[in-house]
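If you check TrEMBL, you get these features:
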type	residues	note
COMPBIAS	158-172	compositional bias 'Basic and acidic residues'
DOMAIN	147-245	domain 'Cadherin'
DOMAIN	246-363	domain 'Cadherin'
DOMAIN	364-477	domain 'Cadherin'
DOMAIN	478-585	domain 'Cadherin'
DOMAIN	584-697	domain 'Cadherin'
REGION	156-178	region 'Disordered'
SIGNAL	1-22	signal peptide
Amino acid sequence: MQPRTPLLLCVLLSQVLLLTSAEDLDCTPGFQQKLFHIDQPAQFIEDQAILNLTFNDCKGNNKLHYEVSSPYFKVNHDGSLVALKNISAVGKTLFVHARTPHAEDMAELVIVGGKDIQGSLQDIFKFARTSPVPRQKRSIVVSPILIPENQRQPFPRDVGKVVDSDRPEGSKFRLTGKGVDQEPKGIFRINENTGSVSVTRTLDRETIATYQLFVETTDVNGKTLEGPVPLEVIVIDQNDNRPIFREGPYIGHVMEGSPTGTTVMRMTAFDADDPATDNALLRYNIRQQTPDKPSPNMFYIDPEKGDIVTVVSPALLDRETLENPKYELIIEAQDMAGLDVGLTGTATATIMIDDKNDHPPKFTKKEFQATVEEGAVGVIVNLTVEDKDDPTTGAWRAVYTIINGNPGQSFEIHTNPQTNEGMLSVVKPLDYEISAFHTLLIKVENEDPLVPDVSYGPSSTATVHITVLDVNEGPVFYPDPMMVTRQENISVGSVLLTVNATDPDSLQHQTIRYSVYKDPAGWLNINPINGTVDTTAVLDRESPFVHNSVYAALFLAIDSGNPPATGTGTLLITLEDVNDNAPFIYPTVAEVCDDAKNLSVVILGASDKDLHPNTDPFKFEIHKQAVPDKVWKISKINNTHALVSLLQNLNKANYHLPIMVTDSGKPPMTNVTDLRIQVCSCKNSKVDCNAAGALHFSATSVLLASLFSLACL
């Protein structure tokens, strides 16, 4: 094989049209000069030519179109670069993009002495100057390809070419990387014979800003001859995204009377375009203010920061005089640094003028009148106030205080939360006979303190005159309750006491009559004239109408008014115990097995309705049991219990044993109760008392039957 000469790959600058044939090598599409240097002038003058650019697509430059990286410049059809307006600072570098259906290219203008704006455009475009880079032997030297986003049909579109005049016959170009054989696949491709690089679809910088590709040459067997060499494709940003406000709703608050220049809130918009270009350089302004009173320009927005501040005097920012304390601002964000060619987005900012307590509450009148019947309680008058502050705040809500005329604490005042009125109430009944008139002095304040330069004045106090109306009051028993102590069982007709009721209406000189109101047991009578109470029946401490030895009855005292008024009095009679109840035993039925080894039958308890000492200790006895015929035995356990037991086993039957129990009263009381004892058959853990029910013997009969059986043996 003939030795290969060093491979010379020259990737033309991005957007260079592919040469259509070998005969076209004498015409190189693109800018004839790609790099310019000019000194930074004091000012670029509008429509004054800065320099002339020469672009040739080798096809007649049909439909030639120029784009400049700065919105402040344009290129005329004759290739002259001019400023759109008088401007001093544009940065350090400008790029001019030329495009026809057959070719595209980029030229660079370096402004000597210029200052960076929004970062270096050299960094923005990552543009490598097109001056030749010295090639090392057997190395591939390439420059980036720049492609504007959002290009339209037709596709595929040639964007560059790899030229190798020394390429061995039969060798091929190969392109790899993200966008070729890696996802997203198929965006770029290369003609393996000519080296032409093309793009197959529209690019979106906001999706992928750069593509890192690799170029290499291979032999007919696919073996790499040189490379791979990185080839960077840079997507040039177009202004295709509007600013958007993403953090709403936007609600700000400012206190009324705030100084001019007070910051209310900050509005921030987002632009998806390249933040290093003017495509994402935003400027803010207020498009509309609603309402437009008292000034159509109540607020100002910093065009660069988006801070909204007040611009009116504190006097105009008075919530109480504003038509509406809520303002809505239509905020516009525009890219391209606010130029008319920029895209816009809007949002609504709501600004609330917050209240401060600069208006004290004032009573609507200096004096209020109220009337109330003696003995009544509740609200007697509502005190009205005016307050210009915000009704939803503590600067409006009123707090009332009685500062004079209430020594007995008979009155209270509370705030009605809906109306802000002061509700004056009587909480302790008033007595006409003591005082028919009352005068109260009341002050009103706010929940929140007043601002320092405002104070409460005379209008924040008011006088309330209260007239008490006389009513016919019912007589009052004294004392109430009335209490007496008597022994139960006293004789019928016994006098218990004489009740005493007086009429509070001392000025009316009325008479009083008495009557029984509630007498549950029907034991009492009252003299209607003098109030003497006596008994009509025997008082029984053990009655169900007596609780804890106390009997309660109610009496009425009725005056002679029109209409008459009634008072109620309670009589509590404490009844002392008398031994008038005999004790009783429990239980009264017991069972025992006929072959029981333990002859104990039952433990008896005794109880007495009377109180100690008329109760225990109790005495237990078997009533009328002949001494020689004893079959049963009763033994004391304690003061209230005794044990009944057998002296021998008995046949299966029912037995009735009379038990006598006596209490300790003086004199004592005795009670005799039959204890029914069933003697049952108990075999194999089964108790059978059926046969026992067939026999009914007294204790003596049982004893005789047992003796007769023994004699017959």
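Every residue gets a Cβ built from N, Cα and C, even glycine.
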**Request:** Work out, from DSSP, the number of helix, strand and coil residues along the domain 'Cadherin' (584-697).
**Result:** 4 helix, 60 strand, 50 coil
**Request:** Could you break down the residues of the domain 'Cadherin' (246-363) into DSSP helix, strand and coil, giving a count for each?
**Result:** 6 helix, 48 strand, 64 coil
**Prompt:** Looking only at the domain 'Cadherin' (364-477), what are its DSSP counts of helix, strand and coil residues?
**Reply:** 3 helix, 53 strand, 58 coil
**Item:** Summary of DSSP states over the domain 'Cadherin' (147-245), given as helix, strand and coil counts
**Value:** 0 helix, 47 strand, 52 coil
**Item:** Rounded mean pLDDT for the residues that make up the domain 'Cadherin' (147-245)
**Value:** 89
